[in-house]
């Protein structure tokens, strides 16, 4: 017997990375998981090196970032890799979630995989927010102030909870230090969740674009899918390198190169681009508590998809109506991202409310109604063919 099968730890790696049977019909959209793993490794590695030279004291935070940029050997490169790596992490994550919704990867028996994936998404957003704050530029300070103030909308405990989060009466030294500590911890929690995600996926294996059982037509992960993954890894690294070396600040905000000043409010307070759709949902509700509930509900509503999707056929590959509404949903989500960076004024307020309503209607109304309709059409077609 080969050593990769007889040795305890190697046999575990073998069952996941070498002999793992995968559907032969997997397309390149299924490579996003490996790209997300690569992004996580890049973020952890670059983050550890940045933490070696960063000071979390509020009076030194901004200066220490500039010290990394100017004085540390290749410090500018490490920082740009980390900053752009966060953006590319979310590009791959949003694409991965979109792929899962399109191909019905959340349906039984992979509900646990989907639930863990949503938890990973939430922790990743929290990690990104915490990391954006401890740069302590102007946008970092006011972003931390605005987002943490949202907790004051919680009835009864909100007013006391915000100073507890700050560790003071405003965003100050304890806030930045605890945000840095949590930001350093979160990627390792993510790594543990990713392992759980893979373990849950390994039970039933990957789904496939056709939405049918592929048990009779599978291929070993190595070397078919390893080399297939390498194709997208090289493409990813090429595009990533173009941003890091030639346009490192495109995905950032210029106000964050100004030291944080609690006495000067920026013209517009916006988070990083990958949080904009949910920020737009938050702003579209006039009531503060309602906006906070809507923002968190917009993320947690992903968990209802295994329940609301009643289709007997997995995925949208052969379903024209579902496919049409999915692309309308995709356009609506991009629209929310655009609205999140615009000023709160007419007509963007009404457009944001309309897009928010469409976002929730997709999960609550469109998916169950359309899937039920397509089930009826499916059974009519099967009876007619028989």
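Quick reminder: no glycine exception, Cβ is built from N, Cα and C everywhere.
When other Cβ atoms within 10 Å of the Cβ of residue 183 (heme b b562 binding site) are tallied across all protein chains shown, the result is 21. According to Swiss-Prot, the heme b b562 binding site annotation covers 82, 183, on the basis of sequence analysis.
Annotation for residue 197 (heme b b566 binding site): same-chain Cβ neighbours under 8 Å, separated by at least 6 residues, are 113, 116, 117, 120. Residue 197 (heme b b566 binding site) falls within a helical segment according to DSSP. The heme b b566 binding site annotation in Swiss-Prot covers 96, 197 and is backed by sequence analysis.
What Swiss-Prot lists as ubiquinone binding site is 202, and the listing cites similarity to another entry. When secondary structure is read from DSSP and collapsed to three states, residue 202 (ubiquinone binding site) falls in the helix class. In sequence order, 15, 16, 20 constitute the residues six or more apart from residue 202 (ubiquinone binding site) in its chain with CB-CB distances below 8 Å.
According to Swiss-Prot, the feature transmembrane segment maps to 32-52 (among others). Long-range contacts of the transmembrane segment (32-52) within its own chain (CB-CB distance under 8 A, at least 6 residues past either end) are made by residues 68, 78-79, 81-82, 85-86, 88-89, 92-93, 95-96, 99, 131, 184, 187-188, 190-191, 194, 229, 232-233, 236.
Marked as transmembrane segment by Swiss-Prot: 76-98 (among others).
What Swiss-Prot lists as transmembrane segment is 113-133 (among others), and the listing cites similarity to another entry.
Per Swiss-Prot, transmembrane segment is recorded for 179-199 (among others). Same-chain residues lying 6+ beyond the ends of the transmembrane segment (179-199) with a Cβ under 8 Å from its Cβ atoms: 16, 37, 40, 43-44, 47, 51, 54, 56, 113, 116-117, 119-120, 123-124, 126-127, 130-131, 133-134, 144.
The transmembrane segment feature in Swiss-Prot is assigned to 225-245 (among others); the stated evidence is similarity to another entry.
Among the features that Swiss-Prot reports, transmembrane segment is placed at 289-309 (among others), with the record citing similarity to another entry.
Under the heading transmembrane segment, Swiss-Prot lists 321-341 (among others). Note on the transmembrane segment (321-341): residues 98, 101-102, 268, 270-271, 273, 275-281, 283-284, 311, 348, 351-352, 355-356, 358-359, 362, 366-367, 370-371, 373-374 of its chain, located 6 or more positions outside it, place their CB under 8 angstroms from a CB of the stretch.
Feature annotation from Swiss-Prot assigns transmembrane segment to 348-368 (among others). Within the chain carrying the transmembrane segment (348-368), a Cβ under 8 angstroms from the stretch's Cβ atoms is held by residues 280-281, 283-285, 294, 297-298, 301-302, 304-305, 308-310, 325, 328-329, 332-333, 335-336, 339, 342, all 6 or more beyond its ends.
With a 10 A radius on its CB, residue 82 (heme b b562 binding site) counts 20 other CB atoms from all the protein chains.
Long-range Cβ contacts of residue 96 (heme b b566 binding site) within its own chain (separation 6+, distance under 8 Å): 32, 33, 36, 117.
Long-range neighbours of the transmembrane segment (113-133) within the same chain, counting only residues 6 or more positions beyond its ends whose Cβ lies under 8 Å from a Cβ of the stretch, are 47, 86, 89-90, 93, 96-97, 100, 105-106, 139-141, 143-144, 147, 175-176, 179-180, 182-183, 186-187, 189-190, 193-194, 196-197, 200-201, 271-272, 274-275, 278, 299-300, 302-303, 305-306.
Beyond the ends of the transmembrane segment (225-245), by six or more residues, the same chain brings 17, 22, 26, 28, 31-32, 34-35, 38, 77, 80-81, 84-85, 87-88, 92, 219, 251 to within a C-beta distance below 8 angstroms of the stretch.
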